[in-house]
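**Student:** Submitted below is the structure of interest, expressed as structure tokens.
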Protein chains: 2
Amino acid sequence: MILAICAGVLCALIAPAAAGSGIPEVKAYLNGVDAHSILAPSTLLVKIFGSVFGVAAGFVVGKEGPMVHTGACIANLLGQGGSRKYHLTWKWLRFFKNDRDRRDLITCGAAAGVAVAFRAPVGGVLFALEEAASWWRSALLWRTFFTTAVVAMVLRSLIQFCKSGKCGLFGQGGLIMFNVNSANPSYNTADLLAIMLIGVLGGILGSLYNYLVDKVLRTYSIINERGPAFKILLVIVVSLLTSCCAYGLPWFAACTPCPTDLDVQCPTIGRSGNYKNFQCAEGHYNGLASLFLNTNDDAIRNLFSSTNKNEFHISALFIFFAAVYFLGVITYGIAIPSGLFIPVILAGASYGRLLGRLLGSFASLDVGLFGLLGAASFLGGTMRMTVSLCVILLELTNDLLMLPLMMLVLLISKTVADSFNKGVYDQIVKMKGLPYMEAHAEPYMRQLVASDVCSGPLISFSGVEKVGNILHALRMTRHNGFPVIDEPPFADAPELCGLVLRSHLLVLLNAKKFTKNRVLTRTEYLRMFHAFDFGKAGSGKGLKVEDLDINEEEMEMYVDLHPITNTSPYTVVETMSLAKAAVLFRELGLRHVCVVPKTPGRPPIVGILTRHDFMPEHVLGLYPDIHPHK
Amino acid sequence: MILAICAGVLCALIAPAAAGSGIPEVKAYLNGVDAHSILAPSTLLVKIFGSVFGVAAGFVVGKEGPMVHTGACIANLLGQGGSRKYHLTWKWLRFFKNDRDRRDLITCGAAAGVAVAFRAPVGGVLFALEEAASWWRSALLWRTFFTTAVVAMVLRSLIQFCKSGKCGLFGQGGLIMFNVNSANPSYNTADLLAIMLIGVLGGILGSLYNYLVDKVLRTYSIINERGPAFKILLVIVVSLLTSCCAYGLPWFAACTPCPTDLDVQCPTIGRSGNYKNFQCAEGHYNGLASLFLNTNDDAIRNLFSSTNKNEFHISALFIFFAAVYFLGVITYGIAIPSGLFIPVILAGASYGRLLGRLLGSFASLDVGLFGLLGAASFLGGTMRMTVSLCVILLELTNDLLMLPLMMLVLLISKTVADSFNKGVYDQIVKMKGLPYMEAHAEPYMRQLVASDVCSGPLISFSGVEKVGNILHALRMTRHNGFPVIDEPPFADAPELCGLVLRSHLLVLLNAKKFTKNRVLTRTEYLRMFHAFDFGKAGSGKGLKVEDLDINEEEMEMYVDLHPITNTSPYTVVETMSLAKAAVLFRELGLRHVCVVPKTPGRPPIVGILTRHDFMPEHVLGLYPDIHPHK
């Protein structure tokens, strides 16, 4: 409980953003949601130590999600040129000061996180591709592959170095954490039917898991909002419950005599492993204790093991499954860094092995392999990934001959679960209210046109604008982009000059190159700036309106916006279907789309579409009569 | 030679498009190049039988590329609703009659091809992602995964069924074709240096391979243009050369006494396998003959084998490597279906094993594993894929512990080779003159704006246009899209109504719903058509201008184009950087982009950009003074 409180205090007081898995946040960031503090240095520190404390406290949580978040945080720290606050800066890192390269770097960080958590370099690349990234380029594939190759090499040398056993639990399992390669994977039609059953049930239980996690999260968010003390209290309660399960439930399990033909010690006392003695007499072991009073990794290894088919009683497996399923649901959402992979794998493996035992007379496949397939079905049912899970499980277990079965189970469980609800990460993103932009347009968007959802009023600037007007607009609104319209005498008729960004306006105003009259000054002051002045600053570090110091006299002066205007923003015509505009917006990864009028002779811009204008809440709020699924 | 002539005759006379690998063509098709006959049913038939004959004739060619092409052809046949010519049609397949679903289906076909060729279901998905597809959606990932899962299940049952040995070479190797799992993959720093050397040399040799293949292809295309007879003659010459190498070179190799501690028969006589007797005395074998006088698969298995380190003399390996490298280069491009994977793997494996033997005293890694890494380095050096090759090799050899090394070698060889030239498939796409649209904009495009490359003259229609004018435009040009401009009295001032497609115009004209006067008829004739009437027809099966039968009187009548006009085409402003327009065009997978004027008061459209306007040849032809790499 002390460890649990440490983790809880760190999370609740220093960096609340470090609680939970972190994968939904990274996913949203890579989709373009630049939420504050998601990837801040303080989050990084708390994530690392909080995760260590949380896992050590014996919670049913994994270190995988936090590792992905950690990787992304480190990448972000590098991407914004280090941390000025902690005096860690590198000048050459300024090349990452733009959205795309920083996003690429963070994708690589997430891939590295998975690669190191599961010791699965290829799985890391695929996870980054399938789950994390929203935009994919072949260059990015290459970069993530490079990152995880480095991870693999480093991991391999560390494992080599730790072979002596000096590194605690680190070296265990080698590069392949749960080796099941020894099992003989021959199967017949009865096995196939059993496996389909695993897939279907796994899908149902997986989607139920998502449903429960969602409900619990909503309940917890009410408690957590009351303040850090309540957060820590919640951590203590869950920690108590976990301990009660771990130390209480094994008393209900019967003792089993040690099998005689074993290579390993039985019972093991005083270290993590198999065949726990617990309350039993000499030469006996307690199956349930072997699962509970172990590291999560060792419990999984025991469940995947195929050396002793009858190692665990059916009742022990059932109790463990129910307890882990329940604890997994109530643990996610408390104020500690908590991954979802391990709880899901634990529950899935015990469920699979349980089903394997129950179907023992019917199916000939090994119970360890049943455990593996059960884990696959649960992962498919909650996370809804396909290729990446398949490769991660392959790299975890080194059992290539199981591949066809694994693919089958993943497909079935994902299909079944998809008919109930969304993947767990998508659910969390939505629950957190992050404006995630889906890859496809929603069906109801076809009934609307672009101008239907433009939220007004539109604030636009003249090509040469009065400083006071700009400052007023920047202060009054939180818009990040403003259209610039050229009017006579700079154009024959009002025409759309382009789009200027808030951050660029702030840099321009800060330089105070104003003129008394309304004249073009294009070339004169461009020499004053360097391209990097307009680069994207680190999160929370750019200029703010409040930083500007502009006096009354300057307010009446003019500034030429042409040099900082993007003169060819992407535009859509007002009558374009909203679905089509959404595709443009999403595929090109835009932040602003200008809506222009269809007929000439009207003002040259109708409105600006931003991410929020495409959100279902906004659209359905404006048009409540639209059927959302038609 | 008879088999070779059969393959050559099939290719030269029936379907010239079936020659070669097929992967470049599939890649170009998925990029949007709808070239005729690439995926026609006749190509499919010739590809299957030609590939069987070609491989059986003993050429140094693979079946992998042709299998990908075969998969894509079958998918295309399904996608266009079967073949009317061969009376194989299904009505429900009409749902695939649009570009996107057909493209998805063909991607799945290509993935299935790789999955079955290498028995690598996950590798198939990744190949389709990394090499074949140009646009990627998560739905597509799921679909290809489903396809290859089915492939894996079917393969697995067939292998189970063929265990009795009745299926010839099919069952060999089981699901894992070249199992090297028995070797012990421990390595030290010296090994790492040796492996880096393999990567660097493999990259250089791989890019040299690409260079030579390109030169040979250009030479062959001159010969092949002279007619089918010359094509077949070329096949005969190459077949002769191959036979000379296979039966001639082993005479130069010395005989080796059979090792005594073997599980397998030595020497083997009369069947494919290891330890060929050839001209040697009883109890001896000829190493070079064991490589040449074998199926390609068995030769690769021999090179990857780690049971007998000294099985092949250094000289035998060198001769085999040189011969296969040379034969691989001269075989690709003759009129037979020929994959590139097997020649590259063969050359790479012999090169790797050779290097392993040469560095034997220095490095401790097994020579079989050196062979595997050599194959990886060659594949990386020629094909330039990363993740997919890695997974394919993993699934081919079932050696997960080699993964870090494999990644390292692939990265090094790809990086080295990329500094010389492009990947072999990209080269072939370019050499064939297919207008492939790269994912990124070329650097010189930033110096140009969209209107710079619009090729005129622009042909546009009125909202209600005279039939004669439309017919004239359709006959005189080969444009596929025409802008429609609304003029008074249908609008206050000329405005861009939208874009109509040639195929839709043809369907409309064919229905002959014309009016005597210039009036809107919107709703009246819309009921005459069904959405499927405007669906995309199978390749070469749509209406043509010549099919229309319109008399003099009808030529003077009018037709309302509004109902078939896309009223919100994607547009760019004329001053937009060409690079930005290229990104829009490529990311959204467009065929036409309308270029609109910046200032009001001019005609509402400046031009239309199509795929050809973005091709380097076109742009650099218009502006020869631009530096292409700046």
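Glycine residues also receive a Cβ, built from the backbone N, Cα and C atoms like all the rest.
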**Student:** TrEMBL lists transmembrane segment for one of the ranges B:138-159, B:358-379; which is that range?
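**Tutor:** That would be B:358-379, per the transmembrane segment entry in TrEMBL.
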**Student:** Establish whether the number of Cβ pairs under 8 Å between the transmembrane segment (B:314-346) and the transmembrane segment (B:43-61) reaches at least three, counting only pairs separated by 6 or more residues.
**Tutor:** yes
**Student:** For a three-state summary based on DSSP, what are the helix, strand and coil counts in the domain 'CBS' (B:564-626)?
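**Tutor:** Going by DSSP assignments, the domain 'CBS' (B:564-626) contains 22 helix, 12 strand, 29 coil.
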**Student:** Residues of the same chain, at least six outside the transmembrane segment (B:105-129), with any C-beta under 8 angstroms of its C-beta?
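**Tutor:** Counting only partners 6 or more residues beyond its ends, the transmembrane segment (B:105-129) has Cβ contacts under 8 Å with 23, 26, 29-30, 39, 62-64, 67-76, 78-79, 96, 136, 140-141, 143-152, 155, 173, 175-177, 339, 341, 385, 387-388, 391-392, 394-396.
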**Student:** Give, as a single whole number between 0 and 100, the mean pLDDT over the domain 'CBS' (B:564-626).
**Tutor:** 90
